[in-house]
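K.L.:
Following this message is one structure expressed as structure tokens.
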Amino acid sequence: MKKFKFPNPFTVLYIIIILSAIATFLMPAGSFSTLSYDAGNFLIEGKENTVSLKASQSVLDSLNLKMELSKFEEGKIRKPVSIPNTYAEMESSPQGLMAIVYAPIKGIYESIDIILFVLIIGGFIGVFTASGAFDRGLASLSEKMKGREKWLIVAVMILVAIGGTTFGMQEETIAFYPILVPIFLAAGYDLIVPVGALYGGSCIGLMGAMINPFETIIASDAAGVSWTLGIYSRLTMFILGGIVVITYVLRYAEKVKKDPKQSLLYNMDIKQPFSALKKTEQTEKLNLKTQLLLVLFGLTFVIMVYGVSSLGWWFEEMTALFLVSALFLGLIIRLGENAFVNAFIAGAKDLLGVALIIGVARGITIVMNDGQISGTILNYASNMVSGVDGLVFLPVLMLVFFVLAFFISSSSGLALVSMPIMGALANVVGVPTEEIVNAYVFGFGLMMFITPAGIILPSLSMVNVPYNVWLKFVWRPMLMMAVIGMAILAVGYLV
């Protein structure tokens, strides 16, 4: 009997798109009325019509939206916000065969900013590889870190986790795989370790997001509380969760290094995604030109992190940064026009599959939104937890947010859709509103470890690791993180 082989990431995503489309035939369509801000006016869109009202705090108060008008005026809240107690069933909008066909295409259109970012990074890496500095620099770094690679894992995970907790660093981690994979492989680790370090580190930050504006702050605004409330609970999650995940990745890495048969990838035919380090290069001294190229390479990533965290950059600016840096690299190494273009295209081609996966994943959300079942799922979820006792309410709500994050993988999108609804339950159940925010942060961050609609499939595609292998690797630390999160929420309620 032929051994079962787990499907390709594209197949996994298409299966989920098909299941989402089937759900639009089985579930009633429905939605909450939404409020959006437009040039001094509030647009309230309901089942029957759209009403325009002059924006004022009294309008927000009358709709039981615990938000400040200034947040809309300053542009901090731009997406439509769900209005509590306004759920209404709508005419069914089932998504048929053509919707399934169009879903990944629409997803690629809607994800074009991220897709271009990934392709330009690929081109940047391609040009840098053509210079030869990439191999020499990695060999030099590997030689210096020899015997201390585990501390590189710790450093990478802490830095990425800090990026996650401060500005939601996740998509940006894709750029670092070409750097870390050859080093970790040369150290005797397998291809799961760089994913555990980079993606696992970012999820630590998301699950313990203290000041992430796209997750914690926007959720707090939507719930009507200051983001500083509950920050110590999130700090505790960040520290304890970090200890759990970092320790788990380190133990796995050292186990594989001592005995390669312990690898979850052992005996699997997996193509190595990036060039291996050459032993002959490890003693080669870096000349001035190579050092200049390495400085420019590293500086590009430093500028990216600074731009996103301090200057409000997003994909347009980051993409432009890598394009300009690629041009500078070409000038420094005096790469001819044809050679530059060929190297750039070759690098972009290597990440084409990763880029397309991002777009196809977005198709899942498109099918559910077009079928108008996202609101129905949210309504079911809010009804399910509304009658639960206070102490049990928060852990259950965390699991509800965990499930909702599968359907709505955007942190800001889920916050604005769900927090006004769930926040309104705080007074009914008798729990502090800031703990509702923490339940959202913990639940959303936990789902990000595995949701196919997020960045995990593109990350795994970078290193050719099957999704089912990642699930085998990550379920234990996820379970521990879930228990820690529930315990913190219970303590927050009692204290």
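Any Cβ shown, glycine's included, is placed from N, Cα and C.
Annotations per TrEMBL:
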type     : residues : note
TRANSMEM : 12-32    : transmembrane segment
TRANSMEM : 114-139  : transmembrane segment
TRANSMEM : 151-169  : transmembrane segment
TRANSMEM : 175-192  : transmembrane segment
TRANSMEM : 199-219  : transmembrane segment
TRANSMEM : 231-250  : transmembrane segment
TRANSMEM : 292-315  : transmembrane segment
TRANSMEM : 321-344  : transmembrane segment
TRANSMEM : 351-368  : transmembrane segment
TRANSMEM : 388-407  : transmembrane segment
TRANSMEM : 439-461  : transmembrane segment
TRANSMEM : 473-494  : transmembrane segment
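Help me see these features in their spatial surroundings.
P.N.:
Outside the transmembrane segment (114-139) by six or more residues, the chain places 108, 171, 174-175, 178-179, 182-183, 275, 277-278, 281-282, 284, 286, 289-290, 293-294, 297, 300, 315, 318-319, 322-323, 325-326, 329-330, 332-333, 335, 339-340, 343-352, 354-356, 358-359, 458 with a CB less than 8 A from a CB of the stretch.
Packing against the transmembrane segment (199-219) from elsewhere in the chain are residues 76-77, 156-170, 173, 227, 231, 234-239, 241-242, 245-246, 249, 411-412, 415-416, 419, 437, 440-442, 444-446, 448-449, 455-456, 459, 474, 477, 481, 485: each is 6 or more residues past its ends and has a CB under 8 Å from a CB in it.
A Cβ distance under 8 Å defines the sequence-distant neighbours of the transmembrane segment (231-250), meaning residues of its chain 6+ beyond its ends; these are 150, 153-154, 157-158, 161, 165, 193, 196-197, 200-201, 203-205, 207-211, 216, 435, 438, 441-442, 476-477, 480-481, 484-485, 488-489, 491-492.
Counting only same-chain residues 6+ beyond the ends of the transmembrane segment (292-315), those with a CB under 8 A from a CB of the stretch are 113-114, 116-117, 124, 128, 131, 133-134, 137, 163, 166-167, 169, 172, 175-176, 286, 321-322, 325, 328-329, 332-333.
Distant neighbours of the transmembrane segment (321-344): 117, 120-121, 123-124, 126-131, 133, 175, 289, 292-293, 296-297, 300, 303-304, 307; these residues of the same chain sit at least 6 beyond its ends, with a Cβ under 8 Å from one of its Cβ atoms.
Below 8 angstroms of C-beta separation, residues 364-365, 368, 374, 377-378, 381, 414, 418, 422, 429-431, 435-436, 438-440, 442-444, 446-448, 451, 453, 482, 485-486, 489-490, 492-494 of the same chain, each at least six residues beyond the ends of the transmembrane segment (388-407), sit close to that stretch.
Listed by sequence, the residues of this chain that lie at least six past the ends of the transmembrane segment (439-461) yet keep a Cβ under 8 A from its Cβ atoms are 9, 12-13, 16, 118, 170-171, 173-174, 177, 195, 198-200, 202-203, 206-209, 215-216, 219, 234, 237, 353-355, 357-358, 361-362, 364-365, 394-395, 397-407, 409, 411, 414-415, 418-419, 422, 467, 470-471, 474, 478, 481-482, 485, 488-489.
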